[in-house]
Amino acid sequence: MSETPVSPGTVAEHDAATDAVVLRNAEVRRGGRTIWSHGNLAIPAGTVTAIVGTNGAGKTTLLDAELGLVPLYAGSITVMGSPAGQNNGMIGYVPQSYIAGLDSNITARQSVILGLTGTRFGIHFVTREEKARAQQVLEFVGLADKADYRLNELSGGLRQRAAIAQALVGGPKLLLLDEPLANLDMASQRAVVELLARLNREWGMTIQVVAHDLNMLLPILTGAIYLLDGHPHYSPISSVLDSDLLTHLYGTRIEVVTTPQGDMFVTPDRTLEPKERDQNTHAAAEAARFHEHHHHIPPKENNR
Amino acid sequence: MNVTFAFDPEWLSVLTAPFMTNAIEAGLLIALAAGIMGYFTITRHSTFAAHALAHIGLPGATGAVLLGLPVSLGLGAFALGGALVIGALGKKVSEREIATGTVLAFATGLGLFFARLSSSASQQMQSILFGSILTITDGQIIGFAVFDVVLLAVLALVYRPLLFSSLDEQVARAKGVPISLMNVLFMAIMAGVITVAVPAVGTLLIFALVVTPAATASMVTRSPFAAIVVSCVLCLISIWGGLVLSAMFPTPPSFVIVTLSTLMWVVAKIVCGRKR
């Protein structure tokens, strides 16, 4: 792009400045088994990335590795310019099971405040600034009116927003979410996706989302890390939307269809559908002929 | 069989007897320890571990009698050993519960075996299993007070990280809270609480004193700190109420203590259930 020659050193500095997460030949093993290896990718800052792959492909392990919670067997992971695990104060993390606190009497507000003060040893009183900060993120996620409800009094969608608020309260630059849409109804999924879009747009937040179903996320994604054949790859979203790649990735036939709402993935499975259901779509003329067909068969049979 | 509860008109003089003074002081110290840790036990999903620790302490208690050592010493040592093992098993509930339950059963059997080896241990068995708050000595009270001071000092230091790791272990771990240390520390403190609370209600009834008041408190409060305070108060009401009622209507104090604790829980459960 630039006409002046660029030295390798300058390239590295450039990476450090604009890439949120960089994997270089990274490999993770658990119990002697390689989860994934040869991870080479760079996620630019300010992007929204989906992490996709089949069950057990190591999606959550990738988040753990970025947090420095899993040791690397080989290679390196750099998060915001430092080795993984050293910048965790700049990472907001929303784990998969947001059932946290369900058996407790804690409210959404206290949960958020704990996100700010929970790592502190010794006696500390919550300051006015900390309370204001908690109120700010609760308002941002749309929980201001339910802030003093217990977590176990909130619906799944609102609990997910409370978990995101807890992750946001520390002012992270990178937000990692593990299956944030799982077990939510469509309206709640949509609300969470809209929230992520606003975070990315208004706060410039870099976001990574582990997801099984990309359809809800497609409108906001810049790219995807797909864990394919034991290796993490990064692709801009335009190349992810490829039927053959997705079919390969999920091990089941996936087609990409364009709808008025945008691109969507579908997984056609003829064997699961009832026999009497139409297996094909038809143009209006074809459908009319089909309709006619039904009416005309019996008389023919009678003629025989 | 006569099951009428005879009213003792001399109950006020019973309440002012020296052994009752000791029981009342011990009740306060036990309520503080049990009330605080009960809340953490519930948020950490460790209620079964707390119950098991008391039973794991049983062979320690009867073994100590056999060797002529203080009951609390043997109980505390075995409970602490069990606590560290359970703590090391981590939070993977299914595996941990089976291991804990197996050790619980074995320890109870071992406790019985030790008790049968000597007549003095056999005599102590009943009070270890069901408590004997009226026989608490001055020395035990000093021990309880020291434990409570240590508990408050440790909690002042680790309150927030312990709470964070109890409520949301994964996020706390990502934020750098030392999860394994919190786990072992919690179990070690729990062993201490069990050692302190067993003399009041015994190993069999300890659940009603350590877990039940905290569960009731969680239902009626909206913050961890409020729950801890209310839990201590409910625990104290159970113990002191148990002492007074068992003096008025001569019955085993342990029975009245767990009855009060259970009644408060049932009432809270019904009232909170209606609100929903």
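Backbone N, Cα and C atoms are what each Cβ position is placed from, and that goes for glycine too.
Taken from TrEMBL as is:
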{"type": "TRANSMEM", "residues": "B:20-42", "note": "transmembrane segment"}
{"type": "TRANSMEM", "residues": "B:63-86", "note": "transmembrane segment"}
{"type": "TRANSMEM", "residues": "B:98-117", "note": "transmembrane segment"}
{"type": "TRANSMEM", "residues": "B:129-159", "note": "transmembrane segment"}
{"type": "TRANSMEM", "residues": "B:179-212", "note": "transmembrane segment"}
{"type": "TRANSMEM", "residues": "B:224-249", "note": "transmembrane segment"}
{"type": "TRANSMEM", "residues": "B:255-272", "note": "transmembrane segment"}
**Q.** Leading contact stretch, B:20-42, B:63-86, B:98-117 vs the transmembrane segment (B:179-212) - CB distance under 8 Å
**A.** B:20-42
Q. Given the transmembrane segment (B:129-159), which of the listed stretches B:20-42, B:63-86, B:98-117, B:224-249, B:255-272 has the most Cβ pairs that are under 8 Å apart from it?
A. B:20-42
Q: Could you tell me whether the transmembrane segment (B:98-117) and the transmembrane segment (B:20-42) have 3+ CB pairs under 8 A, leaving out pairs under 6 positions apart?
A: no
Q. Which sequence positions outside the transmembrane segment (B:255-272), separated from its termini by at least 6 residues, show Cβ-Cβ distances below 8 Å to it?
A. 131, 133, 200-201, 205, 208-209, 212-213, 215-216, 219-220, 234-235, 237-239, 241-242, 245-246
Q. What parts of the chain pack near the transmembrane segment (B:98-117), using Cβ distances under 8 Å and only residues at least 6 beyond its ends?
A. 48-49, 51-52, 55-59, 61-63, 65-66, 78, 82, 85-86, 89, 124-125, 128
